[in-house]
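Peer 1: I grabbed these lines from TrEMBL:
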type	residues	note
TRANSMEM	7-31	transmembrane segment
DOMAIN	9-456	domain 'Major facilitator superfamily (MFS) profile'
TRANSMEM	107-126	transmembrane segment
TRANSMEM	138-155	transmembrane segment
TRANSMEM	167-185	transmembrane segment
TRANSMEM	197-216	transmembrane segment
TRANSMEM	237-260	transmembrane segment
TRANSMEM	280-302	transmembrane segment
TRANSMEM	309-329	transmembrane segment
TRANSMEM	335-360	transmembrane segment
TRANSMEM	372-395	transmembrane segment
TRANSMEM	401-421	transmembrane segment
Amino acid sequence: EARRQRRLLLGVVCVALLLDNMLYMVIVPIIPDYIAAMRGGTAGPSAPAGGNGSGGGNRSLLPARYPPASGSNEDVQIGVLFASKAMLQLLVNPLSGTLIDRVGYEAPLLAGLGVLFLSTTTFAFAENYATLFAARSLQGLGSAFADTAGIALIADRYAEEPARSRALGTALACISFGSLAAPPFGGVLYEFAGKRVPFLVLACVCLLDGLLLLVLAPPGGTGARANMPVGTPIHRLMIDPYIAVVAGALATCNIPLAFLEPTIANWMKESMGASEWEVGLTWLPAFFPHVLGVYVTVQLAAAYPHLQWFYGALGMAIIGASSCLVPACRNFGQVIIPLCGICFGIALVDTALLPTLAFLVDVRHVSVYGSVYAIADISYCVAYALGPIVAGQIVHTMGFAQLNLGMGLANVLYAPVLLFLKNVCQMKPSHSERNILLEEGPKGLYDTIKMEERKG
């Protein structure tokens, strides 16, 4: 029964992550029309900013497209709108991580789902830019709690390898699917059912997910949290050199994806005359190598767990090489190959290093995971806060090729830094709650539950 509940909770977290990333990207084919209508243009799927609205041209509407030589206030508005979510999430994560460590995982996850529901509903009925900005920022607040608490809950319930790597890999696959499926989903519903329908559908799923969480693990419904040990403060985790290396790798490996999404559509149109459907399908094939990368890393980690650092370093090398190849592509078929390489490499890095964070907390600190995954979320947010605003300006001033070469070089140079993690698997638990569990036996309800989970 406990195992079944654990799997259901994993499903709840995966749906929450899927919804968050779908909401992040579902507005891609819709927002340009919103902005045009607010400025007196023609709103609707046939408007010039909206592409064909059927999903084929959705990716040409990626946020913060770098402006032409004359500049465009609309580009700035869209870029700021997309970056606002990551910016607020970046600010709130230190607070959310600390709160999660103190109150447990279920209540913050439920609160995050509630805020995401409110944000999605606000998007559906927004009629001006200020309301859109508020809804986008509100999503960042919900994500800071839902994403961090969800990942931490998985790490807590799946206490041993390789089950932890498999569970976190499943969550990463849901994140990838949500990001790639959202633009076609939003474009089709926007054209045939209206602008509110995509958001209302996501809001209903969010509400059902929250209700299921209430049934499975009602906040305050178990005595285990009363005996939960006090987690290590987030500022102490940030200065841990091993955690800092992992956080740097997570930020660096996501920079190419965060910076290419806003810029590659215009580059494809200008350099190779790509059509709307080609631009729209640019990122779709990358979903499959991402899932393959997750699967391969999980299997390798189960067979050779002491090489987690190597899988991450290999992923960063692949990302670096693929990023440098993007400017050399001359047609749609060629550009898909390095983009698939980037997503495959990101899957290797994320799937190898996210479980490593939990292991580092287990052996060097206290086995409470809210703050450490808040640090991981901060790493992602650094890349995605800068991408929509900075990437376009870099391309406009230095060029698309220089942007990609810089991102590729950063990943290749960072890969050897992961050698610092080579001996992590040989670490022994510190004198903390872990010692109590493994040497002295359980002394409280929380300790008893954790001991039973590890035996299982």
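Cβ coordinates come from backbone N, Cα and C, glycine included.
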Peer 1: Would you kindly list the residues that approach the transmembrane segment (280-302) from elsewhere in its chain, counting only those six or more residues past its ends and only Cβ-Cβ distances under 8 Å?
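Peer 2: Residues 51, 55-60, 161-162, 165-166, 169, 172-173, 176-177, 180, 183-184, 261, 264-265, 268, 308, 311, 315, 332, 335-336, 339-348, 350-352, 355.
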Peer 1: Which one of these stretches, 138-155, 197-216, 401-421, has the most C-beta pairs shorter than 8 Å to the transmembrane segment (7-31)?
Peer 2: 197-216
Peer 1: Quickly jot the same-chain residues contacting the transmembrane segment (401-421) by Cβ under 8 Å, restricted to those at least six beyond its ends, or write none.
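Peer 2: Those are 241-242, 245-246, 248-249, 252-253, 255-256, 259-260, 263, 308-310, 312-314, 316-317, 319-324, 326-327, 345, 356, 391, 394-395, in sequence order.
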Peer 1: Counting only pairs at least 6 apart in sequence, do the transmembrane segment (107-126) and the transmembrane segment (197-216) share 3+ Cβ pairs under 8 Å?
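Peer 2: They are in contact.
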Peer 1: At a Cβ cut-off of 8 Å, and with pairs 6 or more apart in sequence only, do we get at least 3 pairs between the transmembrane segment (237-260) and the transmembrane segment (372-395), yes or no?
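Peer 2: Output yes: the transmembrane segment (237-260) sits against the transmembrane segment (372-395).
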Peer 1: Need one number: mean pLDDT over the domain 'Major facilitator superfamily (MFS) profile' (9-456).
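Peer 2: Average per-residue pLDDT within the domain 'Major facilitator superfamily (MFS) profile' (9-456): 81.
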Peer 1: Please report, as numbers and ranges, the same-chain residues at least 6 past the borders of the transmembrane segment (167-185) whose CB is under 8 Å from any CB of it.
Peer 2: 10, 13-15, 17-26, 28-29, 55, 58-59, 61, 150-151, 154-155, 157-158, 198, 280, 283-284, 286-287, 290-291, 294-295, 297-298, 343, 347, 350-351, 354-355
